[in-house]
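Taken from Swiss-Prot, the feature topological domain 'Cytoplasmic' applies to 1-7, 67-75, 257-273, supported by sequence analysis. Marked as transmembrane segment by Swiss-Prot on the basis of sequence analysis: 8-28, 46-66, 76-96, 236-256. The annotation topological domain 'Extracellular' is assigned in Swiss-Prot to 29-45, 97-235 on the grounds of sequence analysis. Residues or ranges marked as N-linked glycosylation site in Swiss-Prot (evidence: sequence analysis): Asn192.
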Amino acid sequence: MARCSNNLVGILNFLVFLLSIPILAGGIWLSQKGSTECERFLDKPVIALGVFLMVVAIAGLIGSCCRVTWLLWVYLFVMFLLILLVFCITVFAFVVTNKGAGEAIEGKGYKEYKLGDYSTWLQKRVENGKNWNKIRSCLVESKVCSKLEAKFVNVPVNSFYKEHLTALQSGCCKPSDECGFEYVNPTTWTKNTTGTHTNPDCQTWDNAKEKLCFDCQSCKAGLLDNVKSAWKKVAIVNIVFLVFLIIVYSVGCCAFRNNKRDDSYSRTYGYKP
């Protein structure tokens, strides 16, 4: 059993080591080949994750297979902190994504999104001007609205209203239905200058391709709807990852006890069993 737990920890950490290689390579590739600032923004976190997994895996591998007790202790301490971190992140993700959803519009295939429907913490992230300028730049570079226009440019208004748009397309690429603007094409609308609008997005809308509704509250809400969906998926993956970490940690504790017992035996009898 002693050998089994040490060998199992070694095998699991060898698999983690193999996993860290493509993650690290992907981060390096992004830093060198990323065509936009948004793509390059991910390189440092990905590289850091790859290096972290590699170092932890090597520590666990050496500590268990070579029976280096102090190194295995450090490995288990880091694993314990990682389990706490993943648990807290998972709970936090569920808490901040429990609010907010698109609002169905009568007679329309798409939904519209309001910033106030989402959690206060998420709202503060996008209402920060510095944060939003970076996000806005990424949205423009992704050509989310240009692709929408190219896809539906010749579609008549009645057909366009029946389309199922994504949260970003609905929030960033067209004005709110409350504005009552006249449809020309998916990203070009004629403003109604005679009416008064309570929705501030109606004044923010601009037909210029680099502006559109990228500064609208609806665009920020559309982004948060995407974030909400993504975080819920990440939280589910985190639960699986957490179970894996707990299993590895438990087996690692067995290996640590084995190492301590062997060290004690060695001090008493002069050799390891």
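Using the three backbone atoms N, Cα and C, a Cβ is placed for every residue, glycine included.
The transmembrane segment (8-28) makes no contact with the transmembrane segment (76-96): fewer than 3 of their CB pairs lie within 8 A, with pairs spaced 6 or more apart in sequence. Remote same-chain partners of the transmembrane segment (236-256), defined as residues 6 or more beyond its termini with a Cβ less than 8 Å from a stretch Cβ, comprise 1, 5-6, 8-9, 12-13, 60, 63-64, 69, 72-73, 75-76, 79-80, 82-83, 86-87, 89-90, 93.
DSSP assigns Asn192 (N-linked glycosylation site) to coil in the three-state reduction, placing it in neither a helix nor a strand.
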